[in-house]
Amino acid sequence: MQLTWLLRITLVFTLLVILMGAYTRLSDAGLGCPDWPGCYGHIKVPTQDHELSHAQSLFPDHDIEPEKAWLEMIHRYIAGGLGLLVLCIWFLCLKTPDAPKKLPLFIVLLILFQGALGMWTVTMKLMPIVVMSHLLGGFSLISLLLLLYLRTRPRRIVASDTSVQNLAPLALVSLFVLIGQIMLGGWTSSNYAALACTALPICEGNWMDNLAIADAFSPFQGQHPSFEFGVLDYHARMTIHIAHRIGAIITASLLLLLAYRLFVSTQLKALSLLLVGLLILQVSLGISNVVMHLPLGIAVSHNGGAALLLLTLVTINYFLWHKSSSTSRV
């Protein structure tokens, strides 16, 4: 019971960290503190006159913006708190005889790597491949925490439900397609391409003749003093944005098909309805981002919607792939 409650708290806290990370990134505060783990050579944001003078001498090329610096440091503080929660979960799993052992250890290693990605995000000046990897690390972390939570709960029998037993492959494909779409979303955001297209449904103008696929999806974009606000030209950013929109159409179609097929199951009908509801919300948020020119609250909510969709699909896959006769734990 203690482990279950700790996992619930940690799941909510992880979602908070993801949303705070999105808020920091979308507020252009990713380099609010140009060093790591401190901020302008201090543990906290420098505010006193002597601290500001020292900070300016260390980073003469940076304009100190306390609001952005505090956003970045708050994100680091709560991420550190999440790390402590994950360590507590690992220790509890080690002490609990029938709890999984390898999965919590992997989660600990993942959050350590996530911390390294957070450092590289700053030291590599918001290099898009690092920023996207950091975003994916957060989504992977919350997904694995949910999986651990599901495995510590009493087992539910779903495999015997013949009406949905053959849907496991479709659910798995849907999960991987959604992950691909989340990657495209992260690539769009990290390359500052969210407003490259302002018309619906695909893009304005003769976009098909102006695609720049090679430039748009090159993981390494050369040497630059900073990648803040993006370094790609308009055509490359437009290509990224279009790929994300087309990916959204494919993903939405597949998830709707999965939800329709799951609706016949008495055990998974609620998850089917939740999936449809979250999908409608996510598409609405995506359209609102375009029409309203990326308002901060809606853009952050779009990140949160992606996380909730991912958690829903992880849960669906767990129940569909779980064999009730299996008693082994990793």
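Even glycines carry a Cβ here, placed using N, Cα and C.
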Checking Swiss-Prot: are ASP28 and ASN317 on the same side of the membrane?
no
CYS197 pairs with which of CYS93, CYS203 in a disulfide, per Swiss-Prot?
CYS203
Cysteine of CYS33, CYS88 paired with CYS39 via disulfide, per Swiss-Prot:
CYS33
Cα-Cα, whole number of Å: GLU72 (active site) versus HIS134 (heme o binding site)?
14
Far apart in sequence but close in space: which same-chain residues, 6 or more away, have a Cβ under 8 Å from HIS134 (heme o binding site)?
GLY21, GLN114, LEU117, GLY118, TRP120, THR121
